[in-house]
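Just below is one structure, and these are the notes that go with it.
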Amino acid sequence: MGLTKQYLRYVASAVFGVIGSQKGNIVFVTLRGEKGRYVAVPACEHVFIWDLRKGEKILILQGLKQEVTCLCPSPDGLHLAVGYEDGSIRIFSLLSGEGNVTFNGHKAAITTLKYDQLGGRLASGSKDTDVIVWDVINESGLYRLKGHKDAITQALFLREKNLLVTSGKDTMVKWWDLDTQHCFKTMVGHRTEIWGLVLVSEEKRLITGASDSELRVWDIAYLQEIEDLEEPDPKKIKGSSPGIQDTLEAEDSTFEMDEAPEDRILSCRKAGSIMREGRDRVVNLAVEKTGRILACHGTDSVLELFCILSKEEIKKKMDKKMKKARKKAKLHSCKGEEEDPEVNVEMSLQDEIQRVTNIKTSAKIKSFDLIHSPQGELKAVFLLQNNLVELYSLNPSLPTPQPVRTSRITIGGHRSDVRTLSFSSDNIAVLSAAADSIKIWNRSTLQCIRTMTCEYALCSFFVPGDRQVVIGTKTGKLQLYDLASGNLLETIDAHDGALWSMSLSPDQRGFVTGGADKSVKFWDFELVKDENSTQKRLSVKQTRTLQLDEDVLCVSYSPNQKLLAVSLLDCTVKIFYVDTLKFFLSLYGHKLPVICMDISYDGALIATGSADRNVKIWGLDFGDCHKSLFAHDDSVMYLQFVPKSHLFFTAGKDHKIKQWDADKFEHIQTLEGHHQEIWCLAVSPSGDYVVSSSHDKSLRLWERTREPLILEEEREMEREAEYEESVAKEDQPAVPGETQGDSYFTGKKTIETVKAAERIMEAIELYREETAKMKEHKAICKAAGKEVPLPTNPILMAYGSISPSAYVLEIFKGIRSSELEESLLVLPFSYVPDILKLFNEFIQLGSDVELICRCLFFLLRIHFGQITSNQMLVPVIEKLRETTISKVSQVRDVIGFNMAGLDYLKRECEAKSEVMFFADATSHLEEKKRKRKKREKLILTLT
């Protein structure tokens, strides 16, 4: 059998051209101790950290495949929680940029992430309607809260109490008691989806934003605080205390549903509404850390800012109002009435929450974040719809605060989708052009070297020599730019409709253009005298025109410059002789128009890609169709041969790039990475690089490696990936006592948890084999009457010749904390008896008591029936009970002792610092006295 044809693998090299993706939110992050300077922005599957002062990207938090949908920095500023499209959450360290913790529990995209005040717990809400609370320190899920009927839009922990409040698109706000993990209150005062939710005024107020132009304000009263302290019995709420009776009546009047009167922990009463200027839905509603500034925006480019007054400020205002009212009343009484009238002043909600100003950005706002600097300045950073980040600052304490734009990040990307890409002849420069600008990028550093304004670009190429570029536009113009100066040299009206395609002639003296005005035009480069200088400059002149019956979509020269292929709107490709413009061949067979095509380097083959999702490979000698390939799941948008080969790349609206062999008609590999339809790609003249652009605003660079790619292996890997995906989509393992579809646990079955379970099974089997061998060995030694050497298992040798039971412990320690429960859940029961016996050993030795207890209690919970009905396991469970109780109390004592020790050290440190403080204060006082004496002496001498 001959050697199979080898190909070289292309791999993803970089993502650039995107400043921030639309799906996620922008957040301020603390880096190097600086606040308000760095922002984290979602960029497709990665997170970019931008320095707002320098406008530079300083850190990339590498994602895997899925798009980022949500960001939340931890309260200590050291970590960033990132939620993804597939429901996974990763926690990255901002110091190292590594994501060590992964949580898998949701089935759909993450919509909200929030830390509690200390940063120990993380609440995540998703489109799958669940809220999960995660333990960040132990890296595991705590519990899943089910109750909403549509996507969760916000989740907030309360600071003082162990409560969580969530809002959803199902028009509900739910209050959860986290001690009992149940929903004790559902607020149904909304008629539309709730998009935002904030707690203000020391958590005594809740503000919600829905699909209309009012922000609803709710007063929260905690019933423990209202209740008379002498009556601890919660039953008293039912009717004894008049204060409570009033609150309950007021509460019932706002359409509240409660589970039972005993369950009431707090009451919510609608306090009123604040009107927004925007008429559409609230997109984001947020309050900055101090709780003083409230901000919200709709689907437009205006952020509205409100100031929430403190109690002192409200009191001052009330006093002022009172004074005015009294004055008025006095005036009235002077005019005729004798008695002193009663003065009543009502405080309205509009007085407590005042409008500050609006910030108008340069484009639609997608998300924003606020930060209050110690100097009293408010900074607002925006991620805009057109791939742009802007920072505004204002001083809210001024009577009329004026927002000022202090910085913006624009250079790193286009404002709209890139429609055309080209490589320079030395493979170093990459041109990308969009609806308003052309950018030239350095391929190795991915820095933008030049930005030039243009009209809506559709096609482009570098003029031979790489000093100038030519752009074809939607209005049918040719634009010629000089790269050194970045100037537009000339604009020529080439076609009456869109100029869809250009092809440089192989002799490099001219090019051909095809447009929507049903004509193909031939152009030559020429040097003309420049009016502004003595030197000549490059220009183009039209030489010939080929008039056709249909719109021209694509043109391509054959490498020997004898033939010209023209794709027309009637779904055919016509081939003409270049010298006489006589018709040579017609390639018909596509059901929809051919959008892209290319001719191979030797002129033997032409490949055409069409909107009917097929790619056809034709011979150029007779126009016969060699093969029709079903290439993509949507239109084929771009097609290009790799130079000096019969391999070609296609890009489709199905977000994929595929490589094909035109001789063997084989699909070689698929390059996945883009999250939206791909518009175009360019292969470098050396064939080592491919760059592609997509509707997700990103440009991606793919690099050819030296790694050979074997088709059979590639297909095998694809099948494996498919299987792994299907494993994760299978039904979750059933747990006795739970209805199907109800998942009490926080995790979900993934390929990692299945692999972890397999590792445990292998370890137990190895332990069984080794113990059996040990018994045999003892019997042999006894029979022989002397020690016989025992062969060691190579796996145990690799771990440093440890015992089989220690190997099992190592495997348990190696499983990720967040995947532990799910791995044990898919483990067959036949392995559980052995595991329980081993656990008894481990706990007696006192090794990893916490981990072992966690596994033990979980196994007991899910296999309770089988374990209790198994007579063999009764003694094991008895032993486990004794050892566990004693060892756990030991561990608890150690922790208690350590805590007490740390407390003591803390007190010592504080006492020391106090002594230091007093010493400093005394020296300051001495200094002051000395200065005063000096001054007095001076005064005396002067007098």
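Glycine residues also receive a Cβ, built from the backbone N, Cα and C atoms like all the rest.
TrEMBL does not curate its annotations; it predicts them automatically.
Now, the feature entries from TrEMBL:
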{"type": "DOMAIN", "residues": "805-907", "note": "domain 'Small-subunit processome Utp12'"}
{"type": "REPEAT", "residues": "61-102", "note": "repeat 'WD'"}
{"type": "REPEAT", "residues": "103-144", "note": "repeat 'WD'"}
{"type": "REPEAT", "residues": "145-186", "note": "repeat 'WD'"}
{"type": "REPEAT", "residues": "187-228", "note": "repeat 'WD'"}
{"type": "REPEAT", "residues": "411-451", "note": "repeat 'WD'"}
{"type": "REPEAT", "residues": "492-526", "note": "repeat 'WD'"}
{"type": "REPEAT", "residues": "587-628", "note": "repeat 'WD'"}
{"type": "REPEAT", "residues": "629-670", "note": "repeat 'WD'"}
{"type": "REPEAT", "residues": "671-703", "note": "repeat 'WD'"}
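Within the model, the repeat 'WD' (61-102) shows a mean pLDDT value of 94, rounded to a whole number. For the repeat 'WD' (629-670), the list of distant contacts is 5, 7, 9-10, 592, 595-601, 605, 607-611, 613-617, 676-683, 685-687, 690, 692, 694, 702, 709, 711, 714, 718: same-chain residues at least six beyond its ends, Cβ to Cβ under 8 Å.
Broken down by DSSP into helix, strand and coil, the repeat 'WD' (671-703) contains 0 helix, 19 strand, 14 coil. DSSP states for the repeat 'WD' (103-144), grouped as helix (H, G, I), strand (E, B) and coil, give 0 helix, 24 strand, 18 coil.
Counting residue by residue with DSSP, the repeat 'WD' (145-186) contains 0 helix, 23 strand, 19 coil.
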